[in-house]
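Peer 1: I have a structure I would like to understand better, so I am pasting it below and will then ask my questions one at a time.
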Amino acid sequence: MLLRFTKMHGLGNDFMVLDLVSQHAHIQPKHAKQWGDRHTGVGFDQLLIVEAPNNPEVDFRYRIFNADGSEVEQCGNGARCFARFVLDKRLTAKKRIRVETKSGIIVLDVQNDGQVSVDMGPPRFIPAEIPFVADAQALNYPLEVDGQLHSIAAVSMGNPHAVLRVDDVQTAPVHELGPKIENHPRFPQRVNAGFIQVIDRHRANLRVWERGAGETQACGTGACAAAVAAISQGWMDSPVSLDLPGGRLHIEWAGPGKPVMMTGPAVRVYEGQVRL
């Protein structure tokens, strides 16, 4: 059978989006891996699936697969594309959309200028909830990699993140250190690794090595986690503008227990069909 899909991106973080509200199919990890190949498939960082909700209090269910076939809990850039997609496809007429994910409910607001704001919910710092192996909760933790200690912040934005402060993101060892942090035994579900360079109280540069995808042009949850870590440690103040390789995201966070608000673009690239 043929399935209709839309290729989208948020700051270069690219997605294949499938509507399984008006189409019916059983998507398995092998499909994500097959379609995610940039040489022989569609090619993407993540596959986003729009489904009818299980919960009557939300509008849609949102599922995410990485290009390696692993299903993950959350994707911030994908959430913005999800909101733009369901409006463009007339699956809803609402500008404020409640969505069920593996890690909870998020709220998407589509603005008149085309930008999308996402209420990502409050960050979580308790090690067991990230999950991260630590004796006690702290603002930062020493993490040993290849005999060297690195100071990291550990945060969950519905998915696990490690955040490291660096002097210059251009020269940071993202491709060497990123996969080693991703697969570090202290992160039992693996982790996304963010490398942040603070410019001033409200601006920073960021690169993210994503769990199951490698370095991407932008990572929405990674930007949220980096902003939360920087504000928590006193390096920065809300609101924060983060420049990633693919462009800029705006993050607001009022402190512990408060939701993280992320605003950025969502772009449709093309429509296509793929054989299941």
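Using N, Cα and C of the backbone, Cβ positions are placed for all residues, glycine too.
Under the heading substrate binding site, Swiss-Prot lists Asn13, Gln46, Asn66, Gly76, Asn77, Asn159, Asn192, Glu210, Arg211, Gly220, Thr221, citing sequence analysis as support. Here Swiss-Prot flags Cys75 as active site, proton donor. Marked as active site, proton acceptor by Swiss-Prot: Cys219. Taken from Swiss-Prot, the feature site 'Important for dimerization' applies to Tyr270, supported by sequence analysis.
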Peer 1: When you rank Cys75, Cys219, Tyr270 by Cα distance to Asn13 (substrate binding site), which of the recorded positions ends up on top as the closest?
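Peer 2: Checked the recorded positions Cys75, Cys219, Tyr270; minimum Cα distance to Asn13 (substrate binding site) goes to Cys219.
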Peer 1: In this structure, which of the binding-site residues Asn66, Asn77, Asn192, Thr221 has the fewest other Cβ atoms within 10 Å of its Cβ?
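Peer 2: Each of the binding-site residues Asn66, Asn77, Asn192, Thr221 was scored by Cβ atoms within 10 Å; lowest is Asn66.
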Peer 1: Please give the maximum pairwise Cα distance, in Å and rounded to a whole number, for the substrate-binding set Asn13, Gln46, Asn66, Gly76, Asn77, Asn159, Asn192, Glu210, Arg211, Gly220, Thr221.
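Peer 2: If we measure all Cα pairs in Asn13, Gln46, Asn66, Gly76, Asn77, Asn159, Asn192, Glu210, Arg211, Gly220, Thr221, the largest is 17 Å.
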Peer 1: Under a criterion of Cβ-Cβ distance under 8 Å and sequence separation of at least 6, what residues of the same chain contact Cys75 (active site, proton donor)?
Peer 2: Gln46, Leu48, Ile64, Asn159, Gly220, Thr221
Peer 1: What is the nearest of the binding-site residues Asn66, Asn77, Arg211 to the residue listed as 'active site, proton acceptor', using the Cα of each?
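Peer 2: Ranked by Cα distance from the residue listed as 'active site, proton acceptor', first place goes to Asn77.
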Peer 1: Measuring Cα to Cα, tell me the gap between Tyr270 (site 'Important for dimerization') and Asn192 (substrate binding site) in whole angstrom.
Peer 2: 28
Peer 1: Who sits close to Arg211 (substrate binding site): which same-chain residues at least 6 apart have their Cβ under 8 Å from its Cβ?
Peer 2: Asn66, Ser70, Val72, Asn159, Pro160, Glu182, Arg190, Val191, Asn192
